[in-house]
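Notes for the one structure printed next.
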Amino acid sequence: MSNTGLIIEERSRDIGDFLVGRLIPFRKKRMVGPFIFIDHMGPEALGPEKYMDVDQHPHIGLSTLTYLMEGELQHLDGIGTNQTILPGSVNWMVAGKGVTHTERTPQHLRASNTEFTMHGYQIWVALPKELEDIEPEFYHIEADALPAWQDRGADFKLVAGKGYGKESPVPVHSELFMIDIKTTTDYQFKAAGNLSGEIGITIVTGSVTACGDVIEAGNMLVSKTEDVCDITIKAGSHILIFGGEPFPEERHIYWNFVSHSKDKIEAAKEAWKDKTFPMMENDDTYVALPE
């Protein structure tokens, strides 16, 4: 597996009583291109008594990308956004110098008193050093606005960034790509010439064959695009591909804070502890800084 580089297995974590599988950061690989955090949410049955409730918490120095396969989430934040995301769409929140938000099961699903499945990915993309202090922003991109195409039994969707000669409308700040691939037949995947930088190939369902080994769902293969060995995505598989050009500087991460500067992270920690961090209106929930 020398050309593939590294295989990362999901590790279980709890967020707001919801079990997720964390891919990065990982002790042997902190980032893949500018991607610094990838959580796989579910699939998990929710309702009628269990829902997703992530209370008000802060971010700096990054953009969050929410992408669902099943279920719905309501996003509210400190700049006045109220946006419910459906499967296939993208929520893109630029934290910049600092923003707070919540993620919850929408009220209409709670009122339905029925069981539903929650499944998706919560992703953080570090901002370039010179953009870490920009004003917070939020964007919602509908599923049908994302570039989609077919190739030899594979359905592609460019979720964010650039790749295969196409560009997603998600307003990213660095050279990156996130691609959704679903196969109906075995598909020979080629990264070189279509993508650049580091690459993480995440198996959502199904499997891939890489360098002669079979890699099952729940794992991510990490390499450089020019070094990836021959990869076959097996028929009936669902794959997410993340990556891009790495930053020249190291990124530090503590809890929900990301920066090239440890001093900025310390300042954000103090602001959150003493509640001088910009807060949401009409929401008194508060996730305490971890000890």
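The backbone N, Cα and C atoms fix where each Cβ goes, glycine too.
Residues near HIS57 (Fe cation binding site) in space but far in sequence (CB under 8 A, at least 6 apart, same chain), listed by position: THR100, HIS101, THR102, ASN256, VAL287. Annotation source TrEMBL lists Fe cation binding site at HIS57, HIS59, HIS101, GLU103.
In the predicted structure, the domain 'Pirin N-terminal' (26-125) carries a mean pLDDT of 96. Among the features that TrEMBL reports, domain 'Pirin N-terminal' is placed at 26-125.
The domain 'Pirin C-terminal' annotation in TrEMBL covers 180-277.
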In the same chain, outside HIS57, HIS59, HIS101, GLU103, whose C-beta lies within 8 angstroms of the Cβ mean position for the Fe cation site?
VAL54, GLN56, PRO58, THR64, ASP77, MET93, VAL99, THR100, THR102, ASN256
In the chain carrying HIS59 (Fe cation binding site), residues 6 or more apart in sequence that have Cβ under 8 angstroms from it:
MET93, ALA95, GLY98, VAL99, THR100, HIS101, TRP124, ASN256, PHE257, VAL258
